[in-house]
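Asks: First the structure, then my questions, so here it is.
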Amino acid sequence: MTKTLVFGHKNPDTDTICSAISYAELKKAQGADIEAVRLGELNSETAFVLDYFQVTAPRLVQTVANEVSEVALVDHNERQQSVDDIDDVTVTAVVDHHRIANFETSDPLYYRAEPVGCTTTILLKMFRENEVEVSKTVAGLMLSAIISDTLLFQSPTCTEEDKVAAQKLAQIADVDIQSYGMEMLKAGADVSKKTVAELLLDAKEFNMNDNKVEIAQINVVDVNDVLSRRAEVEALMTQNIVDKGLDLYLFVITNILTNDSVGIAIGSKTAVVEEAYGVKFVENQAPLKGVVSRKKQVVPILTDTFAK
């Protein structure tokens, strides 16, 4: 039997890690030889989740073609967000909830993408469709992913399907959604011990009308906890622009209590962000009122503005 590795995007978040583990458990129950791995360091929120449910973190890998010939992707499809040697392996399956871009295969594959708030919402359907029982531990991981991606149902990406899935998973995991959810989000929002690199850990690269754009996001309970370190943050953003040849680096600092954000933008195309949101950046900083979702409120808006 051919072994498969399953993983989410680089700079993994809670959905990416928990989806990879959950997908692997589903496929193992069906007899597959599969292992969940990760493409980067865990953030503090995900570390809290794995510790809470006593789950070992997936193994960290830099490449995959040296181990397997087939892989499955969760929570992403764009090549620049995936493993560096993705072109050297066959993608046999994708389960995702993002736009489809910069993705093609030479062979047929299982591809499932739905416009929901979280990948594990889709995975819960797959468990049920295949009549595979969701364990208490996996239910906890899947619930955590939904809470994370929907900001405890406050994000505009959240759908009724996500809410229903979360209720079902909470029953299996035997946790109270509100109390556990706030504890989890606050664990991720504590930036007091984070390095500057860790502040920018949740970053994704996009191609927008032939422009290289990187968008990082962090959830906090007080944006000043990050803005007080703005000089260090901007220095690292500038270095990333040089190292990766970026046209724009946007850092979205989201207050999970007010559901507003502040943006820091650096690069030759910062005017695009100003046009997209009708704001003016002063010393690289501007308010982004009501913006909490990179997927729904940042990527599509910037993509459309770059295309003008």
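Note: Cβ is positioned from N, Cα and C throughout, glycine not excepted.
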Asks: May I ask you to find which of ASP75, ASP84, ASP85 Swiss-Prot records for the Mn(2+) 1 site already listed with HIS9, ASP13?
Replies: ASP75
Asks: Of ASP15, ASP202, ASP210, which one shares the Mn(2+) 2 site with ASP75, HIS97, ASP149 in Swiss-Prot?
Replies: ASP15
Asks: Neighbour count, 10 Å Cβ-Cβ cut-off, for HIS9 (Mn(2+) 1 binding site): what number do you get?
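Replies: A count of 27.
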Asks: Determine which residues of the same chain, besides HIS9, ASP13, ASP75, have their CB within 8 A of the center of the CB atoms at the recorded Mn(2+) 1 site, and list them by sequence.
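Replies: Here the non-site neighbours turn out to be GLY8, ASN11, PRO12, ASP15, THR16, ILE17, SER19, VAL74, HIS76, GLN81, THR119.
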Asks: Return the residues near ASP149 (Mn(2+) 2 binding site) by Cβ distance under 8 Å, restricted to its own chain and a separation of at least 6 in sequence.
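Replies: Those within reach of ASP149 (Mn(2+) 2 binding site), by Cβ under 8 Å and sequence separation of 6 or more, are ASP13, THR14, ASP15, GLY117, CYS118, THR119, SER155, THR157, ASP162.
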Asks: For the recorded Mn(2+) 2 site formed by ASP15, ASP75, HIS97, ASP149, which further same-chain residues have Cβ atoms within 8 Å of the site's Cβ center?
Replies: GLY8, ASP13, THR16, SER19, ASP96, HIS98, GLY117, CYS118, THR119, THR120, ALA145
Asks: Minimum Cβ neighbour count within 10 Å among the binding-site residues ASP13, ASP15, ASP75: which residue?
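Replies: Taking ASP13, ASP15, ASP75 as the binding-site residues, the minimal 10 Å Cβ count falls on ASP13.
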Asks: Can you tell me whether DSSP puts ASP149 (Mn(2+) 2 binding site) in helix, strand or coil?
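Replies: The residue in question, ASP149 (Mn(2+) 2 binding site), is helix (DSSP, three-state).
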